[in-house]
Amino acid sequence: MSLGCWTLFAAGFLFFHGFAATETAPNYSFMHNAMSAPTSSYYDYIIVGGGTSGCPLAATLSQNATVLVLERGGSPYGNPNITKMTRFGAALSDLSRSSPSQRFISEDGVINARARVLGGGSCLNAGFYTRASTEYVKQAGWDGRLVNESYKWVEKLVAFEPALGQWQSAVRDGLLEAGVLPFNGFSYDHIYGTKMGGTIFDQQGNRHTAADLLEYANPTRLTVYLHASVHKIMFAIKGRKMPKAHGVVFRDAKGVKHKAYLKKGSKNEIIISAGALGSPQLLMLSGVGPAEHLKSHNIRVVLHQPMVGQGMSDNPMNAVFIPSPIPVEVSLIQVVGITHFGSYIEAAGGENFAGGASSPETISKAIEYTNNIQEPTAFRGGFILEKVTGPISTGHLELRTRNPNDNPSVTFNYFKDSRDLQRCVQGIQTIEKVVESKPFSKFRYEFLSWPMLLNMTANAPLNLLPKHYNPSMPLEVFCKDTVMTIWHYHGGCQVGKVVDPDYKVLGVDSLRVIDGSTFNDSPGTNPQATVMMLGRYMGVKILRERVAN
């Protein structure tokens, strides 16, 4: 999702995250560079990761306790690559060390990205805002009333109704003609059929992120350190039935070591909100994980927990690129078709999402197909994608090094379960119906047949996998050859396996994990709304427990 229409798409959709914030930075008096941190400090709560869940969690807890947030990245404010929808993809294509996006490539050969910025993935994504289903909420064991209140708390600051242009409207109407019914209009709710969802981009095209939720914080009780890389959680072990988390070790941008400790008090806790890669990685670096694996990295085992890093999943995304004979407005995800067979159909369009970023080597093959259609500089079109719900297939995560800034090794095992593959096939077949629908006809060259569109997509370097597909082959081959990410990976610290239903880490005291690493399935069509909601939801629950006794 991110480089210039096709650049973005062909680059492996490598970048479907957005960028963060309002035009002018809020006056956050509590936000500091970690180089100004004292050698030692004390708080009621220490949150590792100021991301999509960490920010709403910190804002909530600061109402009644002292809170420290340690964020390894910088501020999203004042960075147009994050702020502007028209620059979407530019941060994802920035491979520098100061980039808000850190690229990683899974062992499956799929190019991916993880956030490294206050506000987390909400600073890098395509901005789509939609809630989890009521069934998901029930299965999670959440309090439905507090869930709704928490979503509304988030939406008040960061969610908007998008203005639909011609491309998105054609996709909407094409979905209806294709039978993805009923039409549900604009809604944040997860309902079968076709709908417009919310967006974190306002009417001026400015991104609003989880970092904006810190406006709710009590500034006298909150401290946020940027460029603060947490290396490990410290545990008290002697004379205890269970290890107790009591502090963290972090380093600033110059490598200087700092320590932060919990104040005395049975309710005080360390909370890891470092994301689906960062949270299991930090648990392992701190000695909580599979014992043999930790020993192989010379890490002292605090607790043998074989499920840390297990259950890693990434929803496989496959897309079809459609060159258009007429201009296409720039739009990210706005319309979604929620099918009964387990696939979500979405679309994005318009040229130059990347704000000038280009990657000629990734689009050379696609241009061969379109050279005679129009000037490459005026390349127009968009893509329609399908994402498999769940997914059912899972993988695992392991450490590569003991440096928390290095990417761990991740395997997602895309399409390992044949049911995921069948959902992809049905999703691609639905995209064909949309592309061949009457409402979509004006965005389609008549001489570019559906097999040609598939072949053009399959020949683009979307991932690092070998290519097999040609139009005589079944769609299963297309799905496997063209699999990409839509950045909805989750797992590694799942409820019932690594944490309990209150997100407390099993087998240790005073430690929780609150983020997408706890999910068994990705919520809704896009998870960011629910990850933000979870930060608020758990913050309220924790404060209620705090004052109960």
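Each Cβ is built from the backbone N, Cα and C atoms, and glycine gets one as well.
TrEMBL lists Thr52, Ser53, Val117, Val230, Trp487, His488, Gly516, Pro527, Gln528 with the feature FAD binding site.
Per TrEMBL, the feature disulfide bond maps to Cys424-Cys479. Sequence-distant contacts of Cys479 (disulfide bond), defined as residues of its own chain at least six apart whose C-beta falls under 8 angstroms from its C-beta, comprise Pro316, Asn318, Phe415, Leu421, Cys424, Val425, Ile428.
Listed as Cβ neighbours of the domain 'Glucose-methanol-choline oxidoreductase N-terminal' (275-289) (distance under 8 Å, sequence separation of 6 or more from its ends, same chain) are residues 48-49, 51, 104, 114-115, 120-121, 230-235, 299-306, 308-309, 312, 397, 399, 402, 404, 407-408, 410, 489-493, 498, 505, 507-508, 513, 515-517. Here TrEMBL flags 275-289 as domain 'Glucose-methanol-choline oxidoreductase N-terminal'.
For 1-24, the entry in TrEMBL reads signal peptide.
Across Thr52, Ser53, Val117, Val230, Trp487, His488, Gly516, Pro527, Gln528, which the record gives as binding FAD, the greatest C-alpha separation is 25 Å.
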